[in-house]
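Shown next, in structure tokens, is the structure this report addresses.
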Amino acid sequence: MAPSHVLRCCQRGLAWIPVIFIALVVCWSYYAYVVELCIYTIPSTGEKIIYLVVFHLSFIMFVWSYWKTIFTRPANPSKEFCLPKAEKEQYEKEERPEAQQEILKRVASSLPLYTRTGAGAIRYCDRCQVIKPDRCHHCSACDMCVLKMDHHCPWVNNCVGFSNYKFFILFLAYSLIYCLFIAATVLQYFIKFWTLCRRKSAENCPKSDLPDSHAKFHVLFLFFVAAMFCISILSLFTYHLWLVGKNRSTIEAFRAPVFRNGPDKNGFSLGFTKNIAQVFGDQKKYWLLPVFTSQGDGLTFPTRLVASDPEQPTVVLHPDTQSKSAEDGSIQQSSPLSESQNRLLDNHVHTNEDQGNALKSDESETITISMESES
Ligand SMILES: [Zn+2]
Ligand SMILES: [Zn+2]
């Protein structure tokens, strides 16, 4: 096996360490809560049953959404965004970036693209050899272009993007509920054990009504760990709820997407209700379940800029292009272009021609954002 191959395998293995760490903490929290707290510590049967039922509900939802976030493959650009064979050969032979841009513009004229690089060039990934759809970015950790990429999350060892963004939000929500529930129910036993600990150090202390066993250690730690995770998840969760409301990805919050009128951080925002429906779907009964209900195909996104353009009255939003194909990672079909969209792109191509120094590719598009605030 080539050394580079071995290195890559090692990197892939090491990338699972944060996930294994979280899984071990979750397994321990389950044991500590169910066995040490509910079975050994809580004296009342009624209290035990209520705690166990609510705990298991939040545990199942948390594990389900975490699982879906980890194992949903990121969605990649469809074949339509690859250069056709002739153009690809031409592109590879060509050394001048301006001529390469001309080839890209020719291919892009039949694609539903509204965003460009900062210099007004077609966004092209040299690594994947694909024209990047709107909101798509190359992830260096996954080594692929990811549709509506939000960020690469080391805690799930996966890219958070179009195919699993809803699962990621639910994972944050349910982990917050899980930790809050544990912290709230453990608190009274935490206080009792804590005072017991302190009294034990003094001589002739009165006996506590709690069993002085190894349960003490687990209950004390359970509270500390749950409270610590609560605080860190809460900030991240609030930030992502704000992003959903604005219809922005983390990458777009850092750098606004560039439309033909220039950068616009609100370019994809359709209003609060529609922004939420973009991620969660329009059927409220599925909002809280980690099943794929996001709107669209991940390749094209409605933009208020184009819809409100008086020259392009027929280019409207794509509310009906709901596709479930993203769930298994691959998008098969891009939505067909209307004539006006083609015209729009043609216009754009001409305006871009004047800009002369077109970029070969936007190298700064390769982004990995790690979530340091999560633990
Ligand atoms: Zn790429
Ligand atoms: Zn990634």
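Backbone N, Cα and C define each Cβ position, glycine as well.
Sequence annotations record features per position, and here TrEMBL assigns compositional bias 'Polar residues' to 320-344.
What TrEMBL records for 366-375 is compositional bias 'Low complexity'.
Under DSSP, the residues of the domain 'Palmitoyltransferase DHHC' (123-254) split into helix, strand and coil as follows: 74 helix, 16 strand, 42 coil. Among the features that TrEMBL reports, domain 'Palmitoyltransferase DHHC' is placed at 123-254.
Under the heading region 'Disordered', TrEMBL lists 312-375.
Under the heading transmembrane segment, TrEMBL lists 15-42 (among others).
Summarising the annotation, TrEMBL assigns transmembrane segment to 49-67 (among others). Beyond the transmembrane segment (49-67), the same-chain residues lying 6 or more positions past its ends with a Cβ under 8 Å from any Cβ of the stretch are 22, 26, 30, 33-34, 37-38, 42, 156, 167, 170-171, 173-175, 177-178, 181-182, 185, 288, 290.
Under the heading transmembrane segment, TrEMBL lists 167-191 (among others).
Annotation comment: TrEMBL describes 217-242 (among others) as transmembrane segment.
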